[in-house]
Amino acid sequence: MTVSLDDAIAHKEHTALSRVLTSQTFWVLLAVLAACVFLSFATDSFATSKNLFNITRNVTFTAIIALGMTLVIITGGIDLSVGSVLCLCSMVVAVTMHAGYNIYIGIGASLLVAVIVGAFNGVLIAYFGFPPFVVTLGMLSIARSLAMVLSNNTVVFQFGPDHDKLLALGGGSMFGIANPVIYMIVLALLTGFVLRWTRFGRYVYAIGGNEKAARLTGVPVEMIKVAVYVLSALSAGVAGIIQTGWLGAVTTNLGTGMELQVIAAAVIGGANLEGGVGTALGALVGAALIEIIRNSLGLLGINAFWQGTFIGGFIIVAVAFDRIRQRR
Amino acid sequence: MAVLELTDISKHFGAIQAVNGVSLSIERGEAVGLMGDNGAGKSTLVKMIAGNFLPSSGTIRIDGKEVTLHKPVEARRHGIEIVHQDLALCDNLTAAANVFLGRERRRRIGPVSVLDHAGMAKRAGELFRDLKSETRPRDLIRQMSGGQRQAVAIARTMLADAKLVLMDEPTAAISVRQVAEVLNHINHLKAQGISVVLISHRMPDVFEVTDRIIVLRRGRKVADKRTENSSPEEITGLITGAIETV
Ligand SMILES: Nc1ncnc2c1ncn2[C@@H]1O[C@H](COP(=O)(O)OP(=O)(O)O)[C@@H](O)[C@H]1O
Ligand SMILES: [Mg+2]
């Protein structure tokens, strides 16, 4: 058989279907759905509207930060500071509003702090060549300490004149969907759009694929890196603000250990810690799987101490899956 | 008038003097071989011309006008294109994405402008056809052979109307047939009046397509002569230092 050059160039090796079937996100999504079906039959309490409402809302805090984390991971970096940054940003909005400022100033101050923290991480990493692991580990410690300084390590639960607005923002719902879920969906769509349809997204992948090549071809590598750490901190800040409104109180141990859960969500959803691979949908699906594991252990009457084993097992399975796929 | 003229160009990295007082000029439609041992400073020299490094001292003139090239995009704006050593491709992106990396095409949808995936794939496919390479625009670089990667790196240089194409060891990792395609391509560029700088260790290739050969040794230019007046033996001697200079 002779194939002309034109045919060979036009030929598509991968159909849409084969692409879906080889994607880790798809299989994890399948696992999530299978778990949901199983739990609906195995328990009486899973498929109740109250439980589903809780699950979807609980997913959002991890998922929103996992969106930012996914950007960082795609560039080949890591951000260990997100749990502490969530706490710091919660504390900033809480303390600012407690002092009598309105909700806009509170949220503005909180997001500004997130931008400063992210820029600090990003500049040290991109312009001074510090390893991301070290810089963000330092920030993990700094941000939580600042949250303690800010609140004098007390619980803040009165948010001034706009108290009710903040509670409605995080705790309310529209059409039976919890507000945080709506924010998560909007942010996920935005992240997905940016990754697929903008230059910025293209450069994020390029840096993770081959940073040297990206630099040689004129990609503004340093600026993009600073931007992804800023976005990661912002996602933690947004999650922090929403969580403050939902909980109605902020303590200085809010978000402790959350970085690991967020990284787990991103990796289970298909982001590769070596860089170059990851999607917004993957971040959501990974976060959903983790939350469902957590929820189902309780419903099935399994001791909650097993949670870490299940999540850890899924991380390892996800990476093993990736290896097998690459070998083929 | 020379397309490119370097005067007393030097580049040092800390204590390392990578390029030392090099002057040269390249005419329109001329192919120049740039030869030298590993570490002689060849890549550093072409990277300065491509806007990847600023020279520590010396001047670059393009079409007689002095220029300072801070970024690759500025060199491209002056019609300078480069195939980097090791090709500088992103394995996780498609062939089309790599061809357009750093100069993505966009189209407007209402108020937003988005990447023109279809347009870029189409144009990349046309370039691969011109290069007679069976390379599919939407395949990932990860799955590609050495020759296909090569085609992607060369296709990059064909996006705009170039005046000068720099090729840093473009034939280091490809098959004999593909080497012939690359040499063909260089002849094609010359015929269109486009100048070429070819860095290669493959003596026969350099003698086949170049008009002139420049030899660098430890950052200094030690020879600059017409290809027909030289021989592989002489060039080898110049590269190793067995022949001091000519
Ligand atoms: N970015 C850099 N930083 C420090 N030293 C460099 C850099 N690039 C090249 N060099 C050094 O400059 C010298 C010339 O290197 P190069 O131009 O790559 O040589 P060639 O391409 O001729 O093999 C070498 O000693 C190399 O180690
Ligand atoms: Mg070199």
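Keep in mind that glycine also has a Cβ here, set from the backbone N, Cα and C atoms.
Keep in mind that TrEMBL annotations are predicted by a computer and have not been checked by a curator.
The transmembrane segment annotation in TrEMBL covers A:25-43 (among others).
The list of residues near the transmembrane segment (A:55-74) in space but at least 6 beyond its ends in sequence, with Cβ under 8 angstroms from a Cβ of it, reads 82, 86, 132, 177-178, 180-181, 183-184, 187-188, 191, 195, 204-205, 208, 228-229, 231-236, 238-239, 242-243, 246, 258, 261-263, 265-267, 269, 271-273, 275-280, 282-284, 286-288, 290-292, 294-295. Among the features that TrEMBL reports, transmembrane segment is placed at A:55-74 (among others).
According to TrEMBL, the feature transmembrane segment maps to A:80-97 (among others).
TrEMBL lists A:104-127 (among others) with the feature transmembrane segment.
The annotation transmembrane segment is assigned in TrEMBL to A:167-195 (among others). Long-range contacts of the transmembrane segment (A:167-195) within its own chain (CB-CB distance under 8 A, at least 6 residues past either end) are made by residues 49, 53, 56-57, 59-61, 63-64, 67, 70-71, 74, 103, 159, 201, 204-205, 235, 238, 241-248, 279-281, 283-284.
Residues of the same chain lying 6 or more positions beyond the ends of the transmembrane segment (A:226-250) and with a Cβ under 8 Å from any Cβ of it are 57, 60-61, 64-65, 67-69, 71-72, 74-75, 77, 79, 81-83, 85-91, 93-94, 107, 110-111, 113-115, 117-119, 121-123, 125-127, 151, 155-157, 159, 166-171, 179-180, 183, 187, 200, 204. Per TrEMBL, the feature transmembrane segment maps to A:226-250 (among others).
Residues of the same chain lying 6 or more positions beyond the ends of the transmembrane segment (A:262-290) and with a Cβ under 8 Å from any Cβ of it are 23-25, 28-29, 31-32, 35, 59, 62-63, 65-67, 69-71, 73-78, 82-83, 184, 188-189, 191-192, 195, 205, 207-209, 311, 314-315, 318-319, 322. According to TrEMBL, the transmembrane segment annotation covers A:262-290 (among others).
Among the features that TrEMBL reports, transmembrane segment is placed at A:296-321 (among others). Only residues 6 or more beyond the boundaries of the transmembrane segment (A:296-321), in the same chain, are considered here, and those with a CB under 8 A from a CB of the stretch are 24, 27-28, 35, 39, 42-43, 45-46, 51, 261, 264, 267-268, 270, 289-290.
Beyond the ends of the transmembrane segment (A:80-97), by six or more residues, the same chain brings 61, 65, 68-69, 103, 105-107, 109-111, 113-114, 117-118, 121, 133, 136-137, 139-144, 146-147, 150-151, 156, 159-160, 162-163, 166, 232-233, 235-237, 239-241, 243-244, 250, 252-259, 262 to within a C-beta distance below 8 angstroms of the stretch.
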